[in-house]
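What follows is a set of notes on a single structure, which appears directly below.
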C-alpha cells in the first residue's frame, strides 16, 4: 500500500493537490483526523485490492496534541510496512491573505475563535510545524497556478516509485526571496552582471548573448564547476538516505541572467547522467523536465 499525506497551510492548495491525486486513481479522503489514520489503514487493508494507492489530507483543524504527535504516528505507520510520503504545501503569508480576500472564505481557525485572518494564518503555521519539519516534499505554491500545481503533484508525487531521486534546479531572484522549497541555495550575485549592459538587459540567461558574456569570465565557469563537483560528491549520499526529492536553487539579484545561465548549465549536465532532472526558472515562469539526453520537455 502507498499512502500520500497532504498537509499545509490553508489556502495553499491542499484540495487541488488531493483532487489531482484522485484524478490519477488514488482513493482520496479530505480532512482526516490524525487519530483515525491507523484505523483507516487497517480497514483499507481488508478492503478491495484496488485500493493500494491512498491519499489523505490533514489540516490544522486537528487538535494541537494530535499534530504534535504526528511524527510518532508516521513512524508507526511506516513500521507497519506502509510506503508513506508526506507532502507539505505552503505559500507566503501575504499571498494567503490575498487568496482569502479574493474568495471571501473564512479561515478554519477563525471559525471558533476571535482571531483575525492574519493571526490565524500565522497561528496555523505554528500548529503545523511538526508536519512541515518532516515533510518529504515541500511545495511553495505562492507563484503557481492551479494547472501548475496539479502538474507538480503528478510529476513529483504520483509518478514517484522506488529509489528514484528527482533533482530540480531552480533559478530565482533575491528581490522576491529565496524559494521556500529549496534544499540548498547558491548565491551567484558575486558574478559579473549583464544587466548593467543596456544592450544585454532584455535577454535572459538562456540566450546566446548572455551565455557569451558570462563565459568570458573564468569565475562563472569556476562557480558552475564547483557546484557540479559538490553535487556529484554528495548525491549518492542523498540516494542512500532514501531521499526522493532534492531542489538546488541558484539566485542572483533579479533571477534573469546569472542564475538562469547556471541552472541551465547544471541541469543539462546532470540530465546526461541520470533521469528525473527538472529545471525551473521562477522569475521567467518556466519549468521543464529533462530526459537523459538533456533536451527539455515542458
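Cβ coordinates come from backbone N, Cα and C, glycine included.
Annotated features in Swiss-Prot:
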- 8, 9, 10, 11, 12, 13, 14, 15: ATP binding site (BINDING)
- 59, 60, 61, 62: GTP binding site (BINDING)
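All features noted in Swiss-Prot, drawn onto the structure.
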{"residue": "8", "record": "ATP binding site", "CB count, 10 Å": "28"}
{"residue": "9", "record": "ATP binding site", "CB count, 10 Å": "26"}
{"residue": "11", "record": "ATP binding site", "CB count, 10 Å": "25"}
{"residue": "12", "record": "ATP binding site", "CB count, 10 Å": "24"}
{"residue": "13", "record": "ATP binding site", "CB count, 10 Å": "26"}
{"residue": "14", "record": "ATP binding site", "CB count, 10 Å": "22"}
{"residue": "15", "record": "ATP binding site", "CB count, 10 Å": "16"}
{"residue": "59", "record": "GTP binding site", "CB count, 10 Å": "23"}
{"residue": "61", "record": "GTP binding site", "CB count, 10 Å": "15"}
{"residue": "62", "record": "GTP binding site", "CB count, 10 Å": "21"}
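For the pair residue 14 (ATP binding site) and residue 62 (GTP binding site), the C-alpha distance works out to 15 angstrom. Taking CA atoms as the reference points, residue 61 (GTP binding site) and residue 10 (ATP binding site) are 10 Å apart.
A simple way to gauge crowding: the CB of residue 60 (GTP binding site) has 22 other CB atoms within 10 angstroms, across all the protein chains here. Separating the Cα atoms of residue 11 (ATP binding site) and residue 62 (GTP binding site) is a whole-number distance of 16 Å. Taking only the Cα positions, the spacing between residue 13 (ATP binding site) and residue 62 (GTP binding site) is 18 angstrom. Secondary structure at residue 13 (ATP binding site), as computed by DSSP, is coil. In the three-state DSSP reading, residue 62 (GTP binding site) counts as coil. Sequence-distant neighbours of residue 10 (ATP binding site) (same chain, 6+ residues apart, CB-CB distance under 8 A): 59, 60, 96, 107, 108, 109, 121, 124.
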